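Undergrad: I'd like to ask you about the structure that follows.
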Amino acid sequence: MENGNGEVAITFAIISLTLMLFRVLYVIYRSGKPLRTEARGALSTLIVLGSGGHTAEMINLLLVLQKDRFSPRFYIAAATDNMSLQKARTLENNLVDENGVKEVQTAQFMQIYRSREVGQSYFTSVWTTLVAMAHAFWLMTKIRPQVILCNGPGTCVPLCAIAFFFKVVGVRWSSVFYVESIARVRRLSLSGLLLYKLRIADQFFVQWPQLQRQYPRAHYVGCLM
């Protein structure tokens with residue numbers, strides 16, 4: 001009797017793993033396709049801010065974003081990065097509609113724990129990465145965005161990884177748009193390389209043609225700065 005129960009458990013485990021594998025393969029196949037046709041209205045959008053040049057590039061990108069199309073907007077920066085969120089608040093406060101009327105602000109601003117601080121040892125970063133993943137899970141459960149915009153900071157990796165997990169388990173389909181920093185001329189950043197190799201990003205953009213030749217699934221969009 002015990003052998004029979006064991007065989008049933010093994011069979012169930014094999015079937016579950018097989019179904020999960022097929023689901024992962026489907027998500028990878030489906031990623032990169034256009035947004036579903038029913039998503040014609042406004043799209044809740046998560047914007048991941050880095051610091052310094054990363055934030056400056058993202059702000060430039062947001063200046064040409066169709067604000068009515070990508071709304072409501074949620075800004076996330078690292079817990080130690082108040083400057084980036086302040087710049088995002090300034091951007092949102094200065095928004096006006098096509099008639100020149102100031103728009104009612106609906107944006108939300110949040111912070112997330114860093115996976116690894118500058119100069120932090122890789123050994124201790126294991127724990128902080130786990131904390132960041134747990135925090136990312138909580139934030140993604142709360143926000144459940146339809147679109148994620150990011151451009152290089154390590155802060156985006158846990159959020160995008162949770163987004164991919166949510167796709168696999170059917171919680172939410174978030175389309176990840178990754179724009180590699182203009183500072184990356186010959187090779188991708190670690191964040192970009194992870195999202196590219198693991199096929200987590202639905203659309204991957206680079207700002208130098210040699211990068212596109214090296215990573216053929218990327219799209220060359222020219223310099224955004």
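Including glycine, each Cβ sits where the backbone N, Cα and C put it.
Look at TrEMBL and you will find 6-29, 41-65, 122-140, 147-166 tagged as transmembrane segment.
Please go over these features one by one and say how buried each is and what sits next to it.
TA: For the transmembrane segment (41-65), same-chain residues at least 6 beyond its ends with a Cβ under 8 Å from one of its own Cβ atoms are 35, 71-78, 81, 83-85, 87-88, 91, 143-153, 155-156, 159, 174, 179, 181-183, 224-225.
If one looks beyond the transmembrane segment (122-140) by at least 6 residues along the same chain, the residues whose Cβ comes under 8 Å of a Cβ in the stretch are 76, 110, 112-116, 155, 158-159, 161-163, 166, 172, 174.
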Undergrad: Using a Cβ-Cβ cut-off of under 8 Å, list the residues of the same chain that are 6+ residues beyond the ends of the transmembrane segment (147-166) and lie near it.
TA: 27, 43-51, 54, 57-58, 61, 70, 76-78, 112, 114-116, 129, 132-133, 135-137, 139-140, 172-181, 184, 189-192, 194-195, 198, 200-201
Undergrad: The transmembrane segment (6-29): which same-chain residues, six or more beyond its ends, come within Cβ distance under 8 Å?
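TA: Contacts with the transmembrane segment (6-29): 164, 167-168, 199.
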